[in-house]
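Scroll down for the structure; my scribbles are underneath it.
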Amino acid sequence: MATTQAQIQRPIANFSPSLWGDQFIKNDPGAKAAEKHCKAVEELKKEVMNMITAAGSNLVEAMNLIDTLERLGISYHFEKEIDQKLKHFFNLNKDYSDESYDLYTVSLHFRLFRQHGHRISSDIFGRWIDESGKFKEGLKTDGKGLLSLYEASYLRTRGETILDDALEFATATLNSIAPHLESPLSKQVVHALIQPLHYGNPRIEAHNFISIYEENQDKNEFLLRFAKLDYNLLQMLHKEELNEVSRWWKELDLVSKLPYARDRVVECFFWAMGVYHEPQYSRARIMLTKTITMTSIIDDTYDAYGVIEELDIFTEAIERWNMEEMKKLPEYIQPFYKALLELYEQFEEELAEEGRSYAAHYAIESLKELVRSYHVEAKWFIQGYLPPFEEYLKNALITCTYCYHTTTSLLGVESAVEEDFEWLANKPKMLVAGLLICRVIDDIATYEVEKERGQSATGIESYMRDNNATIEEAVAKFFEIATDAWKDINEECLMPSPYSRDVLMRILNLERIIDVTYKGNEDGYTQPEKVLKPHIIALFVDPIKM
């Protein structure tokens, strides 16, 4: 007797519905308001350009201005000028052992140079080490300097013991003195201890810093007004894009056709915006949002609905990548398969016009690799098989989706050439580091939920069995893996590099999204209410008051 749909036992996950409904479809970004903001921003840009010029060769003044521009989220208007200044200052090879440079200043300069790829030595912090090899006790009263040191230490690479010690010292001391600091420094410290700047989403960090800068007695009113106007102007653009992808998603009607899957188009756009927020990446954001949304459905089909016979057929259909395969598929997944292939047909047509049709090819091949790995995991689950950790990790580095999302993040980036896609396809060190962070942080956040759903082949379980470890030891090891991987990413971002900084920043920013989404060991994508909702409201709903 044939098995009916009613008889099939499915691993239903019962995901929560979207928090947003049609909110962003009904939203009117306001073209007139955007035009008004645009004119004001252009005027203020001239003022800021004059400030950059006026700073001239004054190292301390110029570096403080650059830091303020970056933290207010407006530095993208002056990338060329900032890069030129930083290159000039770095080549001066300043002697930071000079007592006139305090801890705040040295830490700030170190962080800015490293953020922009300049290979400045961490030995410059040696003058604050005492005879016992520890940071001097007298620093514990310097809250501003310690915060600057704390933020700088996150740019560390492997083997930089002085920065490992700096982070440990600064973290412990800031936690101790935070309640006794005055605002706005106290607010900065509390925020930084939760979300280090280097790991944070640039737009979220800009939103936070604008409110802190407003409290600063030494604030520059021009910069503050510029930052607020620019933030609201970018928000209008992002709302337009979110409106477009929300309409696309609603027209596909996959929410009603595939009710088992997570309805997270808004959260997917949040991820895409985290990869690149600047106006010139508008098309790239829309393309990436669509690919993330479709991947989410594939993930849920393998992880939370499909049975192995169906998944065998679906895996083969993706491998063949032909519309003729649709009729072989289970009826429920046919509309999705059709929509997926049509989406990539649109991408191919659009990219062919600019001579970049190869980009779609690399994305499709990466998706096939992802689906093959999902299929392996599904078979493990059905068989109740717990693989050795090494075997688990090899497959799980692909199913974390980071490899595919990195590839598709370049679809709409015109400067991304075929060599960049080939580089990613060969799994370079920086990408592998990103895969590791994504995998272990996701595993920590989702372990308990997956265990409740009967998932045996989890990374935590595999590591615990192989190493006879407790869950606490496994989690500690996973955080250690993530920490070392971040050091590798920092190293790979330093010059000289044969690869485009535009491409490297996509990998870095995707990593930052992971840090934000899984903050506090929460799965902010599956359950966005606590972690992502406040960020989405700040970024896409509420403008900053002028």
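Every residue, even glycine, has its Cβ placed from backbone N, Cα and C.
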Give the range, chosen from 4-8, 79-83, 139-143, 299-303, that Swiss-Prot lists as motif 'DDXXD motif'.
299-303
Say we define neighbours as other CB atoms within 10 Å of the CB. Which of the binding-site residues Asp299, Asp442 has the fewest?
Asp299
Sequence-remote partners of the motif 'DDXXD motif' (299-303) [C-beta within less than 8 Å, at least six residues beyond its ends]
11, 13, 15, 258, 260-262, 311, 314, 333, 336, 371, 374-375, 377-378, 401
Compute the C-alpha separation of Glu450 (Mg(2+) 3 binding site) from Asp299 (Mg(2+) 1 binding site), stating it in Å without decimals.
14
Pop the Cα-Cα gap between Asp303 (Mg(2+) 1 binding site) and Thr446 (Mg(2+) 3 binding site) into the table, whole Å please.
13
Can you tell me how the residues of the motif 'DDXXD motif' (299-303) break down into helix, strand and coil by DSSP?
5 helix, 0 strand, 0 coil
Rounded distance in angstrom between the Cα atoms of Asp303 (Mg(2+) 1 binding site) and Asp442 (Mg(2+) 3 binding site):
14
